[in-house]
Amino acid sequence: MLGKAVHSLSRIGDELYLEPLEDGLSLRTVNSSRSAYACFLFAPLFFQQYQAATPGQDLLRCKILMKSFLSVFRSLAMLEKTVEKCCISLNGRSSRLVVQLHCKFGVRKTHNLSFQDCESLQAVFDPASCPHMLRAPARVLGEAVLPFPPALAEVTLGIGRGRRVILRSYHEEEADSTAKAMVTEMCLGEEDFQQLQAQEGVAITFCLKEFRGLLSFAESANLNLSIHFDAPGRPAIFTIKDSLLDGHFVLATLSDTDSHSQDLGSPERHQPVPQLQAHSIPHPDDFANDDIDSYMIAMETTIGNEGSRVLPSISLSPGPQHPESPGLHSEEDEAEPSTVPGTPPPKKFRSLFFGSILAPARSPQGPSPVLAEDSEGEG
């Protein structure tokens, strides 16, 4: 369990603050931006033998690199199978943190890690001052965040209609961006929570990476997770408590989530845009109501004048001319316009596009009908 706690803390900070106290061993960390703080306190009963300091010696406070301490507990699955006992001691004279792993078959691994003396790292927070509180098994919340993409940075937690707890992926709105990001949302009923004290419409947005780190530890230990929060912009406090350990995670929240939380859980937010309805698959009977004559006029206008074989208005940019015949035009080319090779006659397109939906009496069997009289009498 100690190794899992270190893995959970490694998702937040790059330095580990280790402090032996009279009431237990404290492991703390904070991220570089000071927006996330985590603390685990292992009670003396968690250890087979615990001594905070030798008689007449002051308590040591030290910090070490997270990567150095994480290398000792890198492979958790292997440690659970091979390690029987772990001994941790602080040597103030040599500034060394000694970690000994007593493995099976008498194998002993010793890690000497250098540390630095430091002041006590303590965040000021009070869960009792938060008006909203949720408590649920960590397994329930872990399954709720499972569908979210691993690259997602923030997630919004709020109370929707019917006192449903909603987890929704948060994306920053960009005015000059037309791309629509995929939105993932999970809803949990009130019956999934052991305690739910929050009013409808409240919502906070916090980092998902740190939240997943706490969930992975709490779920492996089969613990309940409590979430204490206030208005957006105020820190959210995540706590786990057991007879052998206490855990506190304090995460900063975004302060501009009021506009996103007003319609949290409302069905109108998830309705498709009206413009998208035009791209839906039409019903088979819709073809009978279409104005096929308008399509026929557009198609037969291109073949009405047999003298001027002009193709429909298709924008074709003139391609590069071949070098062997630059600027050469024969009389036949001037008398008859060039046609695109491989382009079928318009009559065949008409038969293909409209032959299956026209009545047999209106199928183009003979010559194409003339929709406009000849202009011979105007002379």
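Cβ atoms are placed via backbone N, Cα and C, with glycine included.
Noted in Swiss-Prot for the protein shown:
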MOD_RES   Tyr17  phosphotyrosine
REGION    40-80  region 'Possesses 3'-5' exonuclease activity'
REGION    255-379  region 'Sufficient for interaction with ABL1'
REGION    257-289  region 'Disordered'
COMPBIAS  257-271  compositional bias 'Basic and acidic residues'
MOD_RES   Ser261  phosphoserine
MOD_RES   Ser266  phosphoserine
REGION    308-379  region 'Disordered'
MOD_RES   Ser317  phosphoserine
MOD_RES   Ser330  phosphoserine
MOD_RES   Ser363  phosphoserine
MOD_RES   Ser368  phosphoserine
MOD_RES   Ser375  phosphoserine
Integer average pLDDT (0 to 100) for the region 'Possesses 3'-5' exonuclease activity' (40-80) = 86
Taking helix as H, G and I and strand as E and B in DSSP, count the residues of the region 'Possesses 3'-5' exonuclease activity' (40-80) in helix, strand and coil.
-> 15 helix, 7 strand, 19 coil
